Amino acid sequence: MNAAPPNGVNTSEARPRTLAEKVWAAHLVKKGEDGTPDLIYIDLHLVHEVTSPQAFDGLRVAGRPVRRPDLTIATEDHNTPTLAIDRPIADPTSRTQIETLRRNAKEFGIRLHSLGDVEQGIVHVVGPQLGLTQPGITVVCGDSHTSTHGAFGAMAFGIGTSEVEHVLATQTLPLKPFKTMAINVEGTLRPGVTAKDIILAVIAKIGTGGGQGYVLEYRGSAIRALSMDGRMTICNMSIEAGARAGMVAPDATTYAYLKGRAHAPAGADWDDAIAYWETLATDEGAEFDAEVFIDADALEPFVTWGTNPGQGVSLSDAVPDPASIADQHERAAAERALEYMDLAPGTPLKDIHVDAVFMGSCTNSRIEDLRAFASVIKGKRKADGVRVMVVPGSARVRLEAEAEGLDKVIEAFGAEWRFAGCSMCLGMNPDQLAPGERCASTSNRNFEGRQGKGGRTHLVSPLVAAATAIRGTLSSPWDLENDGEVR
Amino acid sequence: MEKISTVTGVAVPLRRSNVDTDQIIPAVFLKRVTKTGFDDALFHAWRQDPEFILNDPAYQGARVLIAGPDFGTGSSREHAVWALRDYGFDVVISSRFGDIFRGNSGKQGLLAAQVAYEDVERIWEVVEAEPGIPVTVDLVERTVSVGTLTVPFDIDDYTRWRLLEGLDDIGLTLRDEESIAEFESHREAWRPKTLPIREPAESGSL
Ligand code: SF4
């Protein structure tokens, strides 16, 4: 039952340490000297079709094998169509990327979940769903939203294609230690306020560059009260605050989620794993390099008005006036954003009409997200002229939702029920906004043109997405309650 | 990877902050499966505008890009670096870079020189007063010079050494192959493996 101290853990060390420091220490292959980085072992490498072709190409050119195919897994997600998935992919470049991944997986002996497979889906939904994402491990992927996996107490971060090649070849990465920042979220969320609103508020508070160089550790009673799906939503968007990673210490919620999943430890391994996982939480008295406090009781449904995820306010507010922003760069960015978004300062956010609602992406496409969305729209019809797309994060989530009848609720509402993938989160497949179209989106990026050239994105929670789809204007479930009252 | 010590060439003043990687190279170009041929993709949306600075004949053949703060934020796409390299840039100057972008740059032989914001302003002014004036970036001395102006830049020692030596990452790490194998020999049985493929337990939530 007693877990041996993992690699690199010095049990005699007295200094209190953070979760991030512990995971780092347990993966140290070689300590860097004279300013060289540490060499860190990677437990899990997730691969998808967009950032891997050149990495495999590099291996081939250098005649190098994949060192640990058994720690590597690939899925198709960014380019995959969400309709007619049994037909050949129409777009030739999308098809090429996917075919290239299939060839590479075969050549290098990598497990791949292709379109049509029950485990296919967004890479950040698939890892946790298979039980591969576990506390205390290191996870990388050529995708910035790898931070999602930190919800389990893993150290998980996005890497570039040359690092993908590096991990394929060596199962390690040379890295400099990150600084640590505690994000303390204390209190209780009001009904209608979700994990998405917490993270949008965090980013609005610290800015899109505020987390740079840091691993964020989300702590406090409001975080502990969240489900794993909610924690993943929060960690997912850590990168939007500029951070390398986000983490939540594992607890009973984490273990309950993992137990019984295909690749979670089983039998005696499960007990050993838990014994170790229990040691991971940040020690009492450990010091963070920075700290931020958020009052959960005060949070309201949040929405972005601009073109970066830090440009957000409570839904009950108005579009801010750039003239009121002191920092000259932020002011200029706000002016540019309002022009792009075609919004006037002072407009109440609730007066903003949308053309589309996108419910999906690795931020909010898990079963709980779909349940939350469905709970609001159940028995209702979408607003006229609003296109509503619901895209589950994985084929398995889709099946699960259908087993619960959520697809029926969604279709009766007038929304499109699609197959799994990244879809309109970045519009690499045909799911795109037309120029000038405005969308309430549960995804994580409202950058210019992200969801289609000229498209305008407001980031929202699944609950806000649902209420907005009903009313046709940016709305939260609170507004629906008011609608119901006869005045 | 080629060694870099000094770069001298035309510099483009890009007076924009928060230039994220979606602006550097839009997602539609990520579909390619090769490592080269991205020069046309660089700042694709902005280049449709004839007034965009990269379209100014005075700045053709540029090797140095001088950007506002928070350059290269957003998505981890390394294509952003390839596109800059393919276009001909050897150096990007900014007062702050996205972390992943900076990491990617060092590995592709693109020098990401961090210059204090006031100094960026000064360089912009000189370059705008005389478009096409050569700018010299000296990696040995860690300085940027243009006309009579010389300012320092920051780059971490390790990346600097790598750029100076033109060293490939993987080869460097594989010199520690024994340590890696040693580490692997202690890896606990309960840590996850993707192979062999396992099915969920009967009682599992999925
Ligand atoms: S859903 Fe969006 S953010 Fe997530 S991995 Fe896919 S493209 Fe990236």
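Count begins at 1; order follows the chain as displayed.
Cβ coordinates come from backbone N, Cα and C, glycine included.
Features as listed in TrEMBL:
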| type | residues | note |
| --- | --- | --- |
| BINDING | A:C362, A:C422, A:C425 | [4Fe-4S] cluster binding site |
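Mapped onto this structure are the features recorded in TrEMBL.
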| residue | record | CB count, 10 Å |
| --- | --- | --- |
| A:C362 | [4Fe-4S] cluster binding site | 28 |
| A:C422 | [4Fe-4S] cluster binding site | 32 |
| A:C425 | [4Fe-4S] cluster binding site | 30 |
